[in-house]
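Asker: For 1-23, the entry in TrEMBL reads signal peptide. For Thr47, Thr48, Val274, the entry in TrEMBL reads FAD binding site. Feature annotation from TrEMBL assigns active site, proton donor to His554. Under the heading active site, proton acceptor, TrEMBL lists His597.
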Amino acid sequence: MRKSVNLVLNYILFLSLLELVRSTVITNDTSNLGTTPFEYIIVGGGTTALAVANRLAVNHSVLVVERGPDLVNDEVINDPFTKFGTPSPCHFQIDLAPQMGFNGSRMIPMTYGSCLGGSSSINTMIGSRPTFAGMSAIEALENPGWGWNDFLPYMQKSETFHPPNPTQHAEGADFIAVVHGFDGPVGVSFAQPLIAPTLQNAAKNTTNTVFEGEIALSPDMGDGFSGGHYSSYYHHIHFNETLQMDWRSSSAWSYLYPQAQQREGLTVLTGHRVNNLLTSTGAGGNVTATGILIEPTGGGTTSTFDVSREVVLSAGTIYSPAILQRSGIGNTTARFLQSIGIEPVLDLPGVGANFQDQILLTNVSFSLTPSANITNVTGGGEVLLAVVVAHPTATDTLGSNGTSAMDKMLRNISAEHALSTNGIVTSETLTTQAALIADAYQIDHPLIEIFYTPGPTGINVWAQSVLPLSRGTIRVNTTDPSVDPITDAQYLTTEVDMVVAVAAARRVSRIAVTPPFSDLLIENALAEAGVPRVDATDEEVGQWVLSTYTPGTHPIGSNSMMPRELGGVVSPELLVYGTTNLRIADASVIPLSVFPHTTLGLYGVAEKAAEMILQAAAAES
């Protein structure tokens, strides 16, 4: 750890001072909240929720309801160098429905955050952004105003980017100033000092060799054109001057806790879950949200809170559709809501459909040779995931005909399986999305991501898909809000997803035997790691993929922003179709997996959502 005794004392003093300057109310007690309607109620206290709440509460009364605790003092969360996956009161897992495996189905859990800050409080803090090609695909799904040029200013608004210092720059860190923001709430920076610079240099050189010089070093992969490039990576962390140490830039530590972000109009209720929305239906059939029904997360007496303007659902990709379904908003035609005793309110078949997540190939750690066991390679115990990241395109990954091969598969994709599992509402949903993904690959959208992470005895080289075509579902099967919805990602159930996964695994194998990276490893590192041989058959590699893949844990799409006839749930203004004042602002609205890692893109979603909500309020005045 980088903390001395004095720094620990500074940490305690820092948190004590924070308590003294707060004007935002954070409480787990409903008894003092009164009965006056709030202008806005935000369901969830995670990544996007706190950002939206912060912006709305400048001039409006806002209630945030978060089912998890306030963990402002939790060092496991606040220290960005805590080993990923270290247990904390914010770490939760949901058991997915049985997923595709090599020899039958597999039971796979998915991790998420349940505390103030949500998953931004437990994630790997990797500083990914979407690309120009990806946001063009989002916009082409009849979402005007969501293209790269329109969306970039919202990501910039959320960000305070800290440029690398001269030493970091000399060791490989770089940036492009024009694409960043420098006065937003979210700190983004390279670690101080730069982690494992010798490893970073070897990783870059080997990546260039493995891809035969077809991918190039980028000064900044957040410029919208990361496809075909690799670079040292920044993270959503910031250097805390008071503590003289790096600090996680969760949404709680960006939009809620700092003195500059205090809001007299903001009340944050922790330890309570939203059972369902309270609604009324007007003469024209449009539904209006009038409030929420909540109860303590551990069970107990229910309470209701009324809203005078809007309800914003920000409970995340898994729980936002579940709350809608328990509120009678979903596929009422199929009658599955009625079958569990839920009275239908609004027929929206897309609620819970189009659910998607990338797959990760994470069971890959290559042992270091003793001579490489130095801090400049291992990170010396101060480790962040993904210090070097590569974004190969289809051509880079599959060869000179890779883009045309992907184009053919995508434009001839079968929707039969996704339809049979209710992952899509119509076959046109998948064929339309596949065609837009094909277009994105034509303009160099990344096909896969490869990232390097140092460690005390080995180096992880992980890979993930970026734009999966497999489509799953989120469905409640009870009215009990304490029961998780059935969550089925349908990983690797399309041919194109398996082709991409096998290609990614092959590149990882080749990296392990290619200098200068391989010079850091023991002689038989590839075999010891259990990764397929470089000359393994596609069948052998596919078996390994199906046996070892894990969730990317970047779930999106279950309340998608796309036309209603394609299974869309929200408009480009994030307003739920058929409602007057119910919006969704979280990862569930993103219809295609264009955020390789979701957090920085989601801050942009939150900033754009808040602006649209405030514009609507101003128009009513």
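Glycine is treated like the rest: Cβ placed from N, Cα and C.
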Asker: Which chain-mates of Val274 (FAD binding site) that are at least 6 residues away have a CB under 8 A from its CB, listed by sequence?
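Answerer: Non-local contacts for Val274 (FAD binding site): Val43, Val65, Arg67, Ile292, Leu293, Ile294, Ala315, Ile323, Pro481.
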Asker: Roughly how many Å separate the Cα of His554 (active site, proton donor) from that of the residue listed as 'active site, proton acceptor', to the nearest whole number?
Answerer: 6
Asker: Counting across all protein chains present, how many other Cβ atoms fall within 10 Å of the Cβ of Thr48 (FAD binding site)?
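Answerer: Other Cβ atoms found within 10 Å: 33.
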Asker: Taking the Cβ of His597 (active site, proton acceptor) as reference, which residues of that chain separated by at least 6 in sequence fall under 8 Å from it?
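Answerer: When sequence neighbours closer than 6 are ignored, His597 (active site, proton acceptor) has Asn123, Thr124, Ile126, Gly127, Ser128, His554 within Cβ distance under 8 Å.
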Asker: Show which residues of the chain containing Thr47 (FAD binding site), separated from it by at least 6 in sequence, have their CB under 8 Å from its CB.
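Answerer: Spatial neighbours, sequence-distant, of Thr47 (FAD binding site): Gly117, Gly118, Ser119, Ser120, Ser250, Ser251, Asp586, Ala587, Thr598, Thr599, Leu602, Tyr603, Ala606.
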Asker: With every protein chain in view, what's the tally of Cβ atoms within 10 Å of the Cβ of His554 (active site, proton donor), excluding that atom itself?
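Answerer: A count of 25.
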Asker: What is the maximum Cα to Cα distance, in Å and rounded to a whole number, among the residues Thr47, Thr48, Val274 annotated as binding FAD?
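Answerer: Largest pairwise Cα separation, rounded: 17 Å.
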